[in-house]
Each structure stands twice: as structure tokens, then as C-alpha cells.
């Protein structure tokens, strides 16, 4: 097992100790292994008032996590004398162990088993040190801490110590305040949850009493009422339901609203008298169950009864914390996992941390920034050393040294660190927090978008990974599931074949819909549920055959029994009211799978009505045999790897001996390998042909089989199966072997075809994504024919698409096939190769087959979907189809690189019959090759793929919420992917790319400005700009405008991005942020800094201007230049852009006027009233106009030439927008509030 704990010590009869004296010694925690031991000597006594024991040597031995004793009527005792590595643990040491019915022990509880939950990260005492420790994990923060320390060394001080800490303090403070607010919210939520009341059993009082959740412990017995939230992970021991069932709603845990059936473990109450009052003493034995884990849908364990027999436990016996009890008066259970060990808490990981592609590029550029800083400091140090050597014997009053003993080399070394302090602005201390804030704002705007809100489910798009928004604009490959992702996952029974006979079912839409009774009137006589209606149109031939009495002994009877009982459907009843009176009850089916629901409803339509289902009994209404009672012996559950499920039942029919029958349903690729062809020889070939036809119609297919098992064979299998269930170490492997031992020699009954309609907007979305240059893969578990049909209907495959189908049976065959395809692709003659290879057993060219047979399915359905028309034109696109077996071979080390190279030559790739691990393997393969991947799916079988991709998107569909829980983004429809990528992805990437480039530019420009001054001061390290202004340049003057631009700027409108998908190529190909653009803007920063320094220097040279005045002048000009540079790059102006951009310039003047006016202390006397003085100089205002013009002229000229002579697609799109705006008057948008452009786009007006 993945996580293991100690072994518990079983005490029997309390013979080894008395009430006032313990004979046990405990130590250790629940997470470690343990070794068996014997009782310790009597002199091991518990110290008075102590939580543990003191041994003969005075060693304090604390009560371990699993060794607490509470006031319930069971006791759990654990002895852990030494740590045992996991590999050396026995199977019993690998599981929790709870011992029931140990009395007269009153040891103290320990908090580690408590149900109290604290999700807060800090306390009042730990907040400051812990938060600072977390923040100083960032290299940038450590760098600026080093700068502060260096600035306190007198020999290398560059400016005032009083202000050197301001930037770092502001960054740390903002982050700390944000973290504190989040933690306070968590604290309030924890306090509310922990104070929730429930009923827990009190041994002293002998009854259930109200107790807070935080006062519960592992092993406590609790009683829950209907509609009550479950406080912990609880093992069910008793239910008010006559069948010992209960129903829970797991929407708080996984978002699913469908009720789930849970059951009391079989035979656990056999020793209880009927209707006896609950008393824990009635439950005896030892409970073994697995360690806490995140797997919500699995639970393994067993109860070892005093007689040595075992009761197997599984997920159906566990109620999870956070779920709600429904349709059940009460249940009683024992807490198995409490607090942090519960599955809901283990899955509460918060926002997942991922690094975006742009963030990885930033790290490389930060290294470049350090390189620039090092070069500037090194040049300064060398020049300082040379200058010192030339002037060492001169008597210069203002020179820092007064002795001729100065060492030029030492002086150069000291000045190097002075320059590190002076040029610190070159490293953007606030870049990361700015990006973090901008991304949060971007996520808010994405979630506000009403175009991605689904009214039917009342669900909008949700973001769980805040730091990868820009990756949405750089996706190269999309990997998508089919069922529930591209399709509605609303299954409609369309056709079936029974014993080789085809029975099509028509379905009419719109006002002409025919409502039919779910069963034939003659069949429903005598039942209590006659009024349920369905949209299913029954097949007339099948109705006639079923109406014949002999059908009860035919394939038809077994076929529909299989449809009705081979599932995990929950049966509920709802009372109907008519005229104020209660009518007959109506049966309601709750199914975890849409396929199962469609099959059960279809069976009901033909008179095979599933009336009730318990852990041991199924009641089934049949047309001719009345109500059948089937003993439910075993359920062999479905899994994506098995691709099938089975039930073993004992059929009790009047006048006949009971029969044990195995009913199995599953994919034809699996079922056909399990058939006994001596029983199915006549029907297997015909059925396979019909299955292929169903697949080409886009229908989901299942094969239905049966097998009669003798009593002796069943008993032998059941014995070995029970042994496999008890083996908790290798349970999964042994169960798979056990399933295979019984699921063989099957007799084919027939097959079904179920329609799963394509979601609205899917074809348009796929077409738009393909036009954007995104390669789309379909990874599905369906048949090849079904997958190809969906490809056509979704526009993933065009009418003239050339399809190459690949199938291999061995690794060598796979490698040779892929090699041949790759060589042929390089020659550019795929059609010729495929045709020539048509005779090969492992590869065929299938495009003509799908075209020619599209309309040849006669007598199959009255309303077949339209397929692609015939075409004789040459193929303009190419697609490859590969099945699951071949895909597994292609993912081997010998073929994986070749497989990637081949798939890159095709426009579309479809993988059918793929398993979850194969899906994840394909995504990982492309991710490792440097491709930006996005995976989207809706089911549990898509979780691995979603987690593996750069961006994982979960669809909140009808197959549960596992995909949503594992995703970075989740939404209701696949069609929302179009706007998410083409609009929001494009905007997020473009905005952040420009923000980062601008950040590097303005910081380098400011730092190099200080470097130019060193030429005129002997490279002494002094700076002309006041220390306060130098420190707040990044934090105040230039931070908010770029933040606004990064949040709300638009290079093109949303409507343009949606209509012209090619605009997405800028992000997909990473054209906005490139190394060449980075170095180009670095050159521009050097040029502008030179202009900002040398023009004022030349204009003011020889005048009555001092160093301080000159510093204020160039500081003002550099802020204006940086602001105007941002204004030139801003493409979409709103009032908020104007407010912050020009407001920052205004703040520059206001702050300096106030700062210079109040700065009258002796230390700052040199800046007193300086701003007021230089404002009276005409030359100041002249330079304020001239210098920015000269500095920004190259950028303006380059931008104009680029737009007019060499425009890219975005520039062309902007020109088209302007033309349309001139030809059509624009209505003033009624939306108001923050960021008009974004809000009007989302049709949201924030309050």
C-alpha cells in the first residue's frame, strides 16, 4: 500500500491489566510501522496526570496517534516499539486496525485522531516568521535583502540607509497582507465547521448526545438524520432502510447531484435481534482498513469476526465527510477517518501550482538582467580602479580617500558592490507580485464572461490554477475525449441486434414527437407503475416478438434481463399527486453512467422493469413471467481498463430449478475475445457487421452476453474470490484475475447501439481551433467507426480528408509500419502508400470505405444522420486513426519518437479504444517534446490526461466531477473553449508579454541612466537622484499604469478574434515575447537612458545647476519618458487607462513638491525646496518636452513603418476594425464601472 501505519495490539477480556494500572507501553505516531510485542512488566505505570507512560528507565512514552482510548464501547490500542520500513511491513502492519468491545479502559484521547480541522496556515505567533520565511524563498527577495545589508556598510553605501529598505518592505507587506486576509477567511470558516453539532454515542450515559464536530474522534459512533451533513468518513453499521441501504448526495464533495447508494456491510448485524436498540457491544471483532488516501471512489478493508470469518468492506460501505444523507431517516456508523485524514480534506489541495511557458522564459531573462548588472558593475569597478590609480597622489578635497596609501584594486572591489546597490533597480523586485495581481484580475474577467455561462446548469467557467492564464494563448495541441466532452452524454437507445436480427429504433424531434408507453399495455397489467412515458419509439417487429409467450425462454428474454440487471442503477420511488390525492408511486432511476440509464429505460420500455435493488436481491417485472426475484451474488464492476462489467445472479423461476447466470456487457473488442464460439458461431459474424454499421452511424455500442454456471463451479470460484477480496495488499491484481476466471466461455446475446448527440457549437469550435493552427486529437474508448463518424460530424475530418488507419499486433510490426508511413510522408505521396498497403493485415486505407458505405445502411434506422458527401477531389487534409492496442505499442521507447514525428505530419489524429494511461502517455509524450498541450475531458478516465497536460480543462458533465476536480479550468460546454483560447488566451498572453518587456525596459533604462553619471564622477558609485525617488520609481511612479495595461489592454476586439482565428498564431508561435524583442528593447533602453541623461547635461552644462537639481530634472524626465512609452504601446484606451497613466505623472510632481517642502531636517537639507526652484527654470519645461520627443522618436517611427510597410496579422485586423468603425457609427456602450472594455465584452456591470 502507498501509505502504511502501525499494527494494533488486541486485548481480550481485560485479563492483563486492572482499571487503575496499565500494563502497556505506547510510543510512536500512527504513520509509522510497528512490530508485534508482548505485554510489559507491571512496574510500567502511568505517571499521574500524564498523557502517556513512564517506563522503568524513566523514559516518557507518549500515547500514540492510534492508541487513544475514548468513551465509546470499542477501544483502539496500538503498540509501536520500532519503525519498520514500508518494504518490510507485513500485510497486517500495512493497515489501520480497530479492536471492538474493549471495556473499562479510560485512557485519554489524543488530538491527532480528533475530527477538528484547521485549514489556516498561520497563528498570531507564527504568522510573521513563517510568512517571511515563505517569501524569502524567492531569489529576488533575497537579492534585495542582500542589497539592504550591503547599503549599511559605510565603505560601499550608495544612498541613504533610511530608504534602502522601502521597496522590499512594500513588496513583503503587500504579500503579507494578502496572505493574512486569506488566512482570516479560512479561520472563520474552520470555526463555523468545527462548531457544527451532531449526535455521538456516550458510553457513560448509554445514549446518543449532541456533540460538536471538533469533539469527535476516530472510533466514535455517530447517528445521522436525513438531510444532515456527514461530519467524518463513517463506516455504516445500521440504517433505517429495511434493506439496510442509504442514499447520499456528494455535490459538496465532487459536484455530482445524483444520489449514490450506500449499504450496511453484509452480515454485520446478524447477531442483533430485530428492532433491538443500538448498543456498541453488539459489534464485535477486528476492523482492518487501508490508510488515509485521496482516492474518493475507493475503500478497502474487512472485519474479522470472532469466529474467524470475514466481512469484506468496499466504497459502498463508507460515508464521506461533506456529503449529505438523503431519503433515509437515519444511519448509525463508526468514524473511520477523522479530521485531516478524511478524503475530502486530503483532496483539499487548493490552487495547483504550475509554471507557465512565459514564466519559464522570464527566468531566463532575469538571468540576462543579472548579466547586464554584472557587466555594468564590472565596468564601473574597473574604471574606478583606473581612475583611483591615476589620481591617487593628487590632493583632492572631495575625493573619498585622503591618503596616498589607497589601493586601486581594493577600491575597485569596494566600488563593485557600491554599483550593485546603485543599479539594483535593474532587477525588477515588483515584477512577480505585479504579474500575480494581473493574473488574478485576468481570472476574474474570465469568470465574469457571460458568454461562457451555461444557464441550464447555472455554471460558469472556474479557474483553479491562477498562474497559467497566459498558457491559454499558446496552445499548440488539444487532446479531447469524445463522450460527454464533444457529445451531450445524453444516451438514447437507437437500435439493437439480438441473435443476429437487427431492430432499428427511430427517434423524432420537435413538435412531432411521439410519446409512447414505456411498456406494452398487455405486459403492464398488474404492475404498480403504468404511467411512465418515454421519448423512445419502440420497434414494431421487436414488440410483436416479445408479445409471444415463447419469448420468455428465448434469447430475447436473456437479452432484456441483461439490460435491466447488469448495472449499478439505484431504484427510487416518487409519489405522484392527482387532484389532491396521492397517486401510484413512480419509479425513478439514478445511474452513475448515462449508458446504464439508457439501457435500463429501454428495458423498461419493453416491459422488463427494474422494480427494486438491494445488495442481495433484484426484483424485476417481466412481460410473461411476472415478477422475478434474482439473488444478486456478485457485481464485477466496470473499469476503463476492463471495458466490461458483469453480475452473477441466481434466477428463481417457477417450475424450474434455480440457475446461476453470469450476465456481462462490454466493448466488442474485449467481449469477442471471451466468447465461446461453439455457442455464438452463428451470430458473432452477423453481429460484428451490424456493430460496424452502428459505429459508422456514430452510435456507442455494447455487446451483451450470458453464461450459465454450475453450482460447484460457482462455489469454487466464490471461495477464491472471497480470498482475493480479503488480500488487501494485492487485492486489485487478484480481483482482476478472479474476474477473468469467471468471465469466459460467454454466449453472445446481441448488441446495442446508443446515440450520443454532438454538443451544439462543437463543429464551429473545432473548425475555429484548426484555423488557428491548433492540432486536435480525439482520444476515446469507443470503436474506430464511431470515432471517425464523430470526426466527420464535428468537422475534425473534412469530406475529402485522407484517412490512414493503423493497426499492429506486435512491437516489431508497429515499428515497421510507422517507419513505412514516415518514409512515405517524407515523399509526400501518402495516398499511394496507403493504397498499396491496403492488402496488409495491419494497415489499411479506409477513407473510401467510409465515403462509399455512408448511406448503404439499409433498414437500420428511419432517421440516419447525414454523413460526408462523396468526393473525387484530391485530399486537402490528412488524418491518421490508431487503435488502443497499436497505441500501446507506439508508446514504447523504441517507437515513441517516430510516432511523434509521424503524427506531426497529419492534420488530425484519432485514437480509439484508448485507456486512461494511454491518453496520459500521449499527452506526456508531446509535452516532453516541448509542445504546449491542452487536455479536455469530463470523466474519471480523463483525469490522468488532464493532470499531465500544460493546461487541463474539465467538463462538468454527467460522468461525475472527477475531471473537474483534477482540472486547471472547468466549464460546462466544449464550445466555450473557442472564446477561452482565441479571445481570453490571446489577450492574457499578449498583455503579460508586453507587461514583462515593458518592466525590463523601464528598469534597465533607469539603471543605465545612473551608469552614465559615473563617467563624470570618477566612477565613485554616487548617484544624482535622491534616494527616496530612486526607491519609489518602481513602486509608485511606474507600477499601476502597467498593471492596468496588463489587465485590460486589447490589441484587437473579441469579435475580431472570434471571426479571424489566424490571429491566435501570434501566441501559439510565441511571437509577442521573443529573445530578439527582449534584446531589441534592451538596446532601446540604453538609447533612451543616454538621451535622458546627455541632453539635459548638455543643455544645463555651465549653468547655475547643482547636482541635486540635475538629479530631480532627469528623474522627472525619465518617468515621463517611461509613461509615454507605455502610452505608445497601449492599443485600447479607457478612462481607467488615462486615470492611472496621467495620474502617475501627476503623482510624480505632487509628491516631489510636498516632499521637498517638508524635507527641512538637517540630514535632507540638500533637497529642501528643490522641486519648487527648478519649476521656475524655463529650461526645465523645455527639456521636459524636447527630451521625451528625441527619446521616443525611433519607437514612433519604427511603429509607423511597421504598420504601413510590414504589418502583421494583428495590425491588419486593427486596420479593418478602424474601417468598419468609420463606416458604421458605434453605439456608446451602456456598461459602466471598472475597465469598460472588459466589462462591455462580458456584459457585466459590477456593483
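The chain as shown is numbered from 1 upward.
A Cβ is built for glycine as well, from the same backbone N, Cα and C atoms used for every other residue.
A simple way to gauge crowding: the CB of residue 481 (active site, 4-aspartylphosphate intermediate) has 29 other CB atoms within 10 angstroms, across all the protein chains here. The active site, 4-aspartylphosphate intermediate feature in TrEMBL is assigned to 481.
Annotated Mg(2+) binding site per TrEMBL: 481, 483, 938, 942, in sequence order. Around residue 938 (Mg(2+) binding site), taking its Cβ as the centre, 31 other Cβ atoms fall within 10 Å, counting all chains. Residue 938 (Mg(2+) binding site) falls within neither a helix nor a strand when secondary structure is assigned with DSSP, and so counts as coil.
Here residue 942 (Mg(2+) binding site) comes close to 481, 485, 916, 919, 935, 936, 954, 963: these same-chain residues lie at least six apart in sequence, with C-beta atoms under 8 angstroms from its C-beta. The ATP binding site annotation in TrEMBL covers 481, 482, 483, 596, 638, 665, 700, 780, 781, 782, 913, 919, 941, 942.
The feature compositional bias 'Basic and acidic residues' is assigned by TrEMBL to 1215-1230.
If you look up TrEMBL, you'll see 114-164 marked as domain 'P-type ATPase N-terminal'. DSSP assignment over the domain 'P-type ATPase N-terminal' (114-164) gives 29 helix, 1 strand, 21 coil.
Per TrEMBL, the feature domain 'P-type ATPase C-terminal' maps to 964-1207.
What TrEMBL lists as region 'Disordered' is 1215-1247.
Taken from TrEMBL, the feature transmembrane segment applies to 140-159 (among others).
Listed by sequence, the residues of this chain that lie at least six past the ends of the transmembrane segment (165-181) yet keep a Cβ under 8 A from its Cβ atoms are 121-122, 127, 131-132, 135, 141, 144-145, 148, 429-430, 433, 1028, 1031-1032, 1034-1035. As annotated by TrEMBL, transmembrane segment applies to 165-181 (among others).
If you look up TrEMBL, you'll see 362-387 (among others) marked as transmembrane segment.
According to TrEMBL, the feature transmembrane segment maps to 416-435 (among others).
Residues or ranges marked as transmembrane segment in TrEMBL: 1078-1099 (among others).
Residues or ranges marked as transmembrane segment in TrEMBL: 1105-1128 (among others).
The transmembrane segment annotation in TrEMBL covers 1135-1155 (among others).
Taken from TrEMBL, the feature transmembrane segment covers 1167-1193 (among others). Long-range Cβ contacts of the transmembrane segment (1167-1193) within its own chain (Cβ-Cβ under 8 Å, at least 6 residues beyond either end) map to 1026, 1087-1088, 1091-1092, 1095-1096, 1099-1100, 1103, 1108-1109, 1112-1113, 1116-1117, 1120-1121, 1124-1125, 1128, 1149, 1152-1153, 1155-1157, 1159-1160.
A count of other CB atoms within 10 A of each Cβ picks out 700 as the most crowded of the binding-site residues 700, 913. Across the fold, the C-alpha of residue 700 (ATP binding site) and the C-alpha of residue 483 (Mg(2+) binding site) stand 9 Å from each other. Of all Cβ atoms in the shown protein chains, 24 besides its own fall within 10 Å of the Cβ of residue 941 (ATP binding site). Only residues 6 or more beyond the boundaries of the transmembrane segment (362-387), in the same chain, are considered here, and those with a CB under 8 A from a CB of the stretch are 140, 408-409, 411-413, 415-416, 419-420, 423, 426-428, 431, 996, 1000, 1003-1004, 1007-1008, 1011, 1014, 1018-1021, 1078, 1082. When secondary structure is read from DSSP and collapsed to three states, residue 700 (ATP binding site) falls in the strand class. Averaged over the domain 'P-type ATPase C-terminal' (964-1207), the predicted model has a pLDDT of 90. Among the binding-site residues 638, 781, 913, the residue whose Cα lies closest in space to that of residue 938 (Mg(2+) binding site) is 781. Remark: residue 638 (ATP binding site) has 593, 644, 645, 666 as non-local neighbours, by Cβ distance under 8 Å and separation of at least 6 in sequence. Note on the transmembrane segment (1135-1155): residues 1028-1029, 1032, 1036-1038, 1040-1041, 1043-1045, 1048-1049, 1112, 1116, 1119-1120, 1123, 1126-1127, 1167, 1171-1172, 1234-1236 of its chain, located 6 or more positions outside it, place their CB under 8 angstroms from a CB of the stretch. Proximity of distant same-chain residues to the transmembrane segment (1105-1128), defined by a Cβ-Cβ separation under 8 Å and at least 6 residues beyond the stretch ends, is recorded for 998, 1001-1002, 1005-1006, 1009, 1023-1026, 1029-1030, 1033, 1037-1038, 1041-1042, 1045, 1088-1089, 1092-1093, 1096-1097, 1141-1142, 1144-1145, 1148-1149, 1152, 1166-1167, 1170-1171, 1173-1174, 1180, 1183-1184, 1187-1188, 1191-1192, 1195-1196, 1199. Around residue 483 (Mg(2+) binding site), a 10 Å sphere centred on its CB holds 26 further CB atoms from the protein chains shown. Distance from the CA of residue 941 (ATP binding site) to the CA of residue 483 (Mg(2+) binding site) is 11 Å.
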